[in-house]
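Enquirer: One structure coming up, written as structure tokens, with questions to follow.
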Amino acid sequence: MTHYAALAGLGGFLPPRQVTNGELAATLDTSEEWITSRTGIRTRHWAGPGVATSDLAVEAGHRALKSANLPLAPGAVDAVILATTTPDHPCPATAPQVAARLGLGTVAAYDIAAVCSGFVYALATASAQIVAGQARRVLVIGAETYSTILDPADRTTSVIFGDGAGAVVLHAVPEADRPGVLLGVDLGSDGSRADLILVPAGGSRQRSTLGEPDPRDRYFTMQGTKVFAEAVTRMGESASLVLARIGWPRDSIDHLVGHQANIRILRALAGWLGLPEERAVVNVDRVGNTSAASIPLALCDAAANGTLTPGSRVLLTAFGGGLTWGAAALIWPDLNAA
Ligand code: ACO
């Protein structure tokens, strides 16, 4: 019997410490006005000392399981997929620890590294496992602690990124037209432009060379202006492909949930797709760019404030380092975000 993968639970978690533009402007060569006007970000959350990505992932995962009415017990899900660029360690993957801490037993658990597109990549993978009959329920988490890889002296990145985690539960349903079913997933990449978003050190490329690495090479780097244009085009094209595949006219989209990198990117993306700006879900002002956690945190926010209502047409699209991008669509189901 054919099954489809549908959204059954949603949860998010932000570390308590808020970092305002004013706080950053006190130590960096920037201003509150520059950050607000050029990015739309007013504040973001950063994890405290000793807090790692798995700590945020466990909180968000717990909330998504609760939202799906699933217990913290073996058998609740058949797989845990964690999208992250900031794993607890280079080895092993972080997902198995998250699964164990959630009490999910000896379930399949693995990480996905697609930077800001990671959550859409993880959704696609989870959906494929369900459609293939390899899993009935999958917990998909996007979690990041970018504050641990930001160069505190780099004004071009430090003002943009925030920490957080968002999670969903996908479950198998028999009907393709059931609300919540993931439709028309698209993924893409262009590795020839990997240098645009890069942490130079910490991997085998740096470790296989002789000599001590520059300590600053462990920091995240981004050529923001070049990334900006690419982000709009790639998300626009990927989203359009999904719409063409499932036969939804562009103007039938009720809510565009794009990767929350910059308010100007979200506006440009809506324009690219010919949608009114108001259809773009925005929470970048309060969380900054949370990379793989961005889409699920935006969904949580929009579900909690009543923007996403059952039956509305939702289009997800993300873009990130790699370069990578992706998109998916769904009809919003009746669920309580936790
Ligand atoms: N304060 C003051 N000035 C700054 C700051 C700052 N915090 N940051 C950069 N500037 C300066 C730059 O040094 C540059 O100065 P220069 O012209 O003298 O060299 C100038 O501002 C560039 O400003 P803008 O023209 O406003 O540049 P832009 O419009 O491209 O905005 C930004 C910069 C905010 C980084 C933008 O490019 C952006 O959001 N990029 C995309 C990020 C993105 O999409 N990320 C998604 C993927 S991320 C991932 O995968 C992890």
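Positions of Cβ are set from backbone N, Cα and C atoms, glycine also.
Not my notes, these are from TrEMBL:
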ACT_SITE  Cys116  active site
ACT_SITE  His259  active site
ACT_SITE  Asn289  active site
DOMAIN    110-191  domain 'Beta-ketoacyl-[acyl-carrier-protein] synthase III N-terminal'
DOMAIN    243-332  domain 'Beta-ketoacyl-[acyl-carrier-protein] synthase III C-terminal'
REGION    260-264  region 'ACP-binding'
Enquirer: Could you pull out which residues elsewhere in the chain have a CB under 8 Å from any CB of the region 'ACP-binding' (260-264), counting only those six or more residues past its ends?
Expert: 38-41, 116, 160, 228, 231, 282-285, 287-290, 294-295, 297-298, 319
Enquirer: Check the DSSP secondary structure of His259 (active site), expressed as helix, strand or coil.
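Expert: The residue in question, His259 (active site), is coil (DSSP, three-state).
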Enquirer: Using C-alpha atoms only, work out the spacing between Asn289 (active site) and Cys116 (active site) and round it to an integer in Å.
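Expert: Answer for this pair: 9 Å between alpha carbons.
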Enquirer: Including all protein chains shown, what's the count of other C-beta atoms within 10 A of the C-beta of Asn289 (active site)?
Expert: 25
Enquirer: Could you put numbers on the helix, strand and coil content of the domain 'Beta-ketoacyl-[acyl-carrier-protein] synthase III N-terminal' (110-191), residue by residue per DSSP?
Expert: 25 helix, 30 strand, 27 coil
Enquirer: Cβ distance under 8 Å to Cys116 (active site), same chain, sequence separation 6 or more: which residues?
Expert: Thr85, His259, Ala261, Asn289, Ser291, Ala292, Ser294, Ala318, Phe319, Gly320, Gly321, Thr324
